[in-house]
């Protein structure tokens, strides 16, 4: 509704207006009833003229009355001219939705409400302990208004255009709300012809300092070209680009460039960075502190949104100001062209300084694709992790997670893909560039496109946990790990750590595939959900091609020590989702469970990569001998 | 059956009632005469409207003549010793009829300046109480809503804004004490009823359409005589056409899920991506993650309100670094689509005009996969 209407300027009904008929009735009743409560003498004369505006006001106030969707206090008082005239009620057309008494009651309540508000605003009414009657309040209001008008100057007298706000007040308010200043600059050399008082609040320069100066002296060097283009009449610049709102296409202006640019009324809208004067930046500083300071301070800028119009005046009216401009003007030398614009500063903060590390807590943000690969790394990560963003991009996060944390994190990964909420992880260890581990705790959530409702990527806010917390975190982790090892959830693949299950020699998966596996699960379950007929495809058949036997040592991209153990752990993960459902043989041929710690023993992480590789191979060969032992398959909760 | 006695009593009470009403009407008329309204407007006011406008008058007066607004204002005035507040100037003029002419001229100048502001901003001023009462509206509100200042002032904004925007509106109206004192800023998009027709004439509100307004402003408080806080907002209609786009601006079109369907060649010049690379890519992939919220909010506004101003966010540049940009967007009928059949829902797309605000920052920093890998 709204999109089309807004775009096409259509005349659809305002949403939630079901009762048009009733509105019509009201208006009709309005027209037959007695005219305004104003002096009876003028009533007759007014009744005729009052129809039109009355109807409109009636609609303003009444349109929601019968509307079910709008639940507000409506002033239907335009019809209530007879509201307070108790007995002088004339026949109103029956409203089919409400009894007449209800309408009347509402009117009275509304009136009483207004009177109460009024008495609250009038100083003389306030101290009264008991509630004053309507007439008294009104009389006091009259007195109060008289006193207000008396103290203020005669701005709102009849000889002036009467207005609720004196114009200078209004101007003041506008500038305050807009956080802006008015400026007029000549097109030719950018001379500041006029600037309003409010510029001081924004740029900290006084009017005197600015008027007569060139605007370009106050603009960021890189934006000068942009501003010149907006002001300039030069033929050198490309033809105008205008957007046709209806089609969204760019159109070329038919007029020759110069004329089109400068025609009076032509709108301009651009952003530029303007200098902020350092003096008096902080109100606590002394006025001349900055000027006596010897150290070089970098120039501060703020981004100003300038919108305005081009205007052209004959130079004869301008005297000295126009002369110089007129001669230089390539166009009509008898005209002084300028831009009249308002510059506004937006509330959004200026760009963050790079490398800014928050005092508490240290954190950085990363973005993962659904399979856990880094697609975005906040520049703050470098100071924390030691990697440049490009070193991490494209690699899987699982390659950096400590082996102990893998089950937990994989579980979280699965959860976040299916949940709309933010998922917290426990503390976990992340491998830094130097090889050591840093303890992090993350908050993940899947970013869903508002329109398609599909997961586009995962956003992770990672907080660094200081060392003293790490112990508790770790233990928490372990507990989590053991508890999840035996549980399974409906529809989700559990990550059982099944001790004793042998592994065929060298059967390992590298870390990256954990994430891929998890992502594929989701995609396939979505596919299955949407097309049950195609459910014959096993969701786990994709992992069939994983982990050939001889990949122990070269399946790790960086060849770092700890990847081995991660790889070992990951195989257990893989199994869980496992391609193992296709049959017993695949169970053996695929990636059997292996708990590295239980098989190899703790302390693997302290080994160098070669040693670690050897250790794993040795352990695999050892466990080979256990192949014959019975394994209780019932314990494994494979969901199909 | 009524006795003569009862009838007599009834007549007396009727008469008394009439007298009361007459007196009341007179007081109402006295009140309305004190309001700064033109005669023609005054004549058409009904009683509740008189009170409504009186309330506005008193509230505005309180707001403006009360003591210092915000901390910042107060100390700024004192420290820098500048008369930045025109209000102070005005008070100097009080009293003394010899300065009448000067006042007149001063006011006329201010009037012209004010009109210029409003014209340039392409919007109107709205002062909202914390409950949402439109205490004050500048006169040009009629150009945007089709209803006059006198008709609207004193009413509550919730009566005129889209129900789906009410929650956002309430959040914006909620100002804590701390925020009020620091002149907290507000920036949001809202849909408001407009009784204007295509041609800009005022019509009946019954056939009102929704107009999208970009509201920006800050809170203001006055302490004495009583603590009154409110929001000062400029409400601008968002233009659908942008004239004279500079070299630092580019346009792009997107499907409703914000995937690119078109972008002009300036994008390539400024950001390094070719049009072909971008087609089908989501804008969320191209931006700094910390600005995801900004983009999402923008997207929401577009989906529900059809127009939006994004605020500042970072777009990643091919090869490294990012630029700060701001996008002004609208949902428009998809003119390129050939699937349009009359009578069906016309397919929509999003049109963005993006202003580049800064140069390329941190050009050596590659934050995203898109910057490193050839797409």
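Glycine is no exception: its Cβ is also placed from the backbone N, Cα and C atoms.
Those TrEMBL annotations? Automatic predictions, nothing curated.
According to TrEMBL, the region 'Disordered' annotation covers A:1-69, A:470-499, A:525-545, A:585-605. TrEMBL lists A:95-148 with the feature domain 'BHLH'. Summarising the annotation, TrEMBL assigns domain 'PAS' to A:167-231, A:371-420. Annotation comment: TrEMBL describes A:470-486 as compositional bias 'Polar residues'. Taken from TrEMBL, the feature compositional bias 'Low complexity' applies to A:525-543.
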- Message: On average, what pLDDT score does this prediction assign to the domain 'PAS' (A:167-231)?
- Response: 86
- Secondary structure tally of the domain 'PAS' (A:371-420) (DSSP, helix then strand then coil): 29 helix, 7 strand, 14 coil
- Item | DSSP residue counts for the domain 'PAS' (A:167-231), split into helix, strand and coil | 36 helix, 14 strand, 15 coil
- Across the domain 'BHLH' (A:95-148), DSSP yields 37 helix, 0 strand, 17 coil
